[in-house]
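Structure, as structure tokens:
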Amino acid sequence: MKLPGVSEFSWRDVAVEARLLLIGIPVFLWTMIPIYHMFLFAISPKEDAFSGKLWPDHPTLHNFEIVFKQQHYFLRDFYIQFWNSTVIAVSVGVLTLFIATAAAFAISRLKVPGGRTVLNLALFTYFIPAAFLAVPMYRTMGNYGLLNNHWSLILAMVTIASPYAIWVLKQASDKLPVELDEAAVMDGATTLQIFRLVYLPLMMPSLVAIGTYAVLLAWNEYLYAFLLLSNDREITLPVALGNFLAADDSPWELLMTTGFIYALPPAAVYYAFRRYMVGGLTAGAVKS
Amino acid sequence: MAITLSGDQSMPAPPLSSRLTPAQVWGIVLLAPYLLVFLAFVVYPVCYGLWLARAPSNYVALFHDPIFARAAVNTLIFLVIGINIKMLIALFLSGFFAQQRTWIKWLSVIFILPWAVPSIPTILSVRFMFNPEWGVVNHLIFSLTGDDGPNWLNDPAVALSMAIGVHIWKSLPFWTLILITGRLAIAHDLFEAAEVDGASWWQKFRYITWPSMQTLYITCTLLSMIWTLGDFNSVYLLTGGGPADLTHVLATLGIRYLRLDQLSLAMASIVCAMPFVLPLVYFMMKRLSR
């Protein structure tokens, strides 16, 4: 038995710790190497980046300066592309929240006839592989005359984000006690008042999780953005990054710098809302 | 006046609005936005796509395209080998991350990064690391052995393995997270009792952990299969389907046909995957909507 205040040295503990480190160190390297490599390029002058060094001789922020001052042919539209990404991501977040909250409220609280069917339809969409839906979706957007218009990407991402959002919000709604709605009806509240004054405040944590999920999904999306938008001033940052590759001598250090800047907001948003996201999203992904 | 078609039904049906409570009317109104999105961007595209792919000649052309056969095989390798490796590692790591240690808690915060950051810069970063002339990997090989390293992405088998590696890098954190949740749900006293009886770690895993996690593990594997079928980035951003179109999977092949303006072939290649996808989808829907 261990006495308080007396630390006991035991070879067994050391062996356990060593075994854990034997797993932990490779896991750390595996996770960080591609990200570190991207960061390394961002702070390296061109010569160092291509020399295979693990740390540049003269680390510099010059690449960031080039990006922020748009001093390269590929970066002419950096700010407008960053802005496009932001507007699209925020629009997808707002629209998804609106559509999914309304649907979850209707299905779970109002027990609308056919609600179960709609939920199953939504689940079905959730399970269509994204790249498979992209093919007919591209042509559909053309038929609607939306190609090269931000609305095509916004609507496509809302279509992809909504099913999961409805599913998660419906699960969360079901956990709210029915008595709350009944009490509000007794007090003479209309359906919309219940929605606004009772339902929304109680659902706040799930709404934060779903809003963040939709924003990140749209911000990080590459395939749909690359199919649906093509004009240099309409495209989002990931598409611009993909276009770097078209050149024979791509400025990789600038590509990685821009990529690093592009990856920062989602990482920051993720860590800011981590507590909401992990609980809300993993619970919805697989009912355990 | 209500018009009745059959003589014996003399009373007109009450109008719809009186059969529905106000709450239900609101329910329909609130459900309408999603239904509109679903009709416009799922039902219509899918039906239109199927209609485009309806001619049997598409399938004949597809089966004569050697790239299609290769893509189908690659997809199968991705699903059968890639996903099982990924899920087994996730199962193993979920045990590692469930350990109570401060440094492991910090590592788990870092471990989530690949999932949280966008694919394109990180996958391109990997792509450059394996560049035969300038990549850091071949620089290291040269400085250690004095020989030039291999041209990693030029051999289809190696390039496909690396695409699977990239896929695992990206999605491992998510599945590990889910399996940790499953592990933490197991009652702790079971392990304590096993400890008292002197069970080995394998016995604890075999008789306590695995039976309680089996269903979750299988569901995760199936869900991961569906999502992996839709994973375009891992292959496209790393190899672009090359060399010589030998590393395509069905997800990138469909987009390739689309870019070549062969929409009916693109749809046909997706329709060919449906016999594998639909049973998975059906199973998942049954399991989730229980």
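Here the Cβ of each residue, glycine as well, is placed from N, Cα and C on the backbone.
The transmembrane segment annotation in TrEMBL covers A:20-43 (among others).
The domain 'ABC transmembrane type-1' annotation in TrEMBL covers A:82-273.
Taken from TrEMBL, the feature transmembrane segment applies to A:82-106 (among others). Below 8 angstroms of C-beta separation, residues 112, 115, 118, 122, 150, 153-154, 157-158, 161-162, 165-166, 169-170, 172-173, 195, 199-200, 203, 207, 210-212, 214-219, 234-238, 262 of the same chain, each at least six residues beyond the ends of the transmembrane segment (A:82-106), sit close to that stretch.
Within the chain, the transmembrane segment (A:118-138) has long-range Cβ neighbours (under 8 A, six or more residues past its boundaries) at 103, 107, 147, 156, 159-160, 162-164, 166-167, 170, 223-224, 227-228. As annotated by TrEMBL, transmembrane segment applies to A:118-138 (among others).
If you look up TrEMBL, you'll see A:150-169 (among others) marked as transmembrane segment.
Sequence-distant contacts of the transmembrane segment (A:197-219) (same chain, at least 6 residues past either end, Cβ-Cβ under 8 Å): 85-86, 88-94, 96-97, 100-101, 105, 109, 153-154, 157-158, 160-161, 164-165, 168-169, 172-173, 176, 180-181, 184, 189, 265-266, 269-270, 273, 276-277, 279-281. Here TrEMBL flags A:197-219 (among others) as transmembrane segment.
According to TrEMBL, the transmembrane segment annotation covers A:254-273 (among others).
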